[in-house]
Amino acid sequence: MLTFAFGFVVVGVCQMFLLVFCANILARKALSTLVAVLVGIVLAVVGLILLAKIQYFSMVFVIVILIFIFRFKKIGWATAIVSPILAMLAMIMSDYLIIFTMNLLNKNYEDFLLNHSILYVLILIPLTFGFSFAINRFVPKIRENYLLVVLLVLTIILFYIFIYAGSLYNFPKAITSIYTLIFATFILAIALAFIIITKISQKQLEIQKQQLELAQLEEYTTRMESLYASMNMFRHDYINILASLQGYIAQGDKTILENYFKETIAPLKKTFEATEGEE
């Protein structure tokens, strides 16, 4: 009985802290280390009490609390919801990996969990952190995907329906193993789908960026052509003005020069000033 209680406390506390720290990793460290530790302590105490009463369903309470903590830290709703759920899924996948290994070794998982809780925790921690870092590294843009939020919530609902149905009707281990396989496959399918969606989104962003750059290049080319045409026109007008001035100066007629300045050069100056004002 004492061994069972010790194993229960060790595993429960470990799971609560893992959930907090891995969720914080996936939320891009929205909480400082000190705050994460304090939150972990509070949730470990409250979570253990709930874990003794409602077992796995205590995790739902912990996830909800983490969501509101992240929202309090001004994190977007999608990230606040996705991060704790993904952290929980990382922990579940780690646990399933341990179960799978125990089955391969013909060992009893429940016995290993309660009688060798320290070893179980030492295996669970690196696996869960590994899955969390992998999710954070390879799928960086899923946090604000609301479709992912819906799918993850549905996944958690299905997972707890399986747990509840199994405990209610006392399903044999063979069926429970099938549920485990289905759940793991479903998680992998979601991960694969969103990796593909992320790649497609990145490709679309690249195409949009190329289109924008092309439009800017076309606009720049049009401006350069317009500038070149204006410079040619100015060059032509400048040559004509110089030729006319030379002729009027040679004639020595001041009146003609004044009229030419008023009729030709002064309007040209106003045209340049208007063009500069438009730019």
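Every residue, even glycine, has its Cβ placed from backbone N, Cα and C.
Note: TrEMBL annotation is automatic and uncurated.
Record features (TrEMBL):
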| type | residues | note |
| --- | --- | --- |
| TRANSMEM | 6-26 | transmembrane segment |
| TRANSMEM | 33-50 | transmembrane segment |
| TRANSMEM | 56-73 | transmembrane segment |
| TRANSMEM | 85-105 | transmembrane segment |
| TRANSMEM | 117-139 | transmembrane segment |
| TRANSMEM | 146-166 | transmembrane segment |
| TRANSMEM | 178-197 | transmembrane segment |
Selected stretch (most C-beta pairs under 8 A with the transmembrane segment (6-26)) from 56-73, 85-105, 117-139: 117-139
Close approaches to the transmembrane segment (56-73) from elsewhere in its chain (Cβ under 8 angstroms; 6 or more beyond its ends): 15-16, 19-20, 23, 27, 30-31, 39, 43, 46-47, 50, 79-81, 83-85, 88, 156, 160, 163
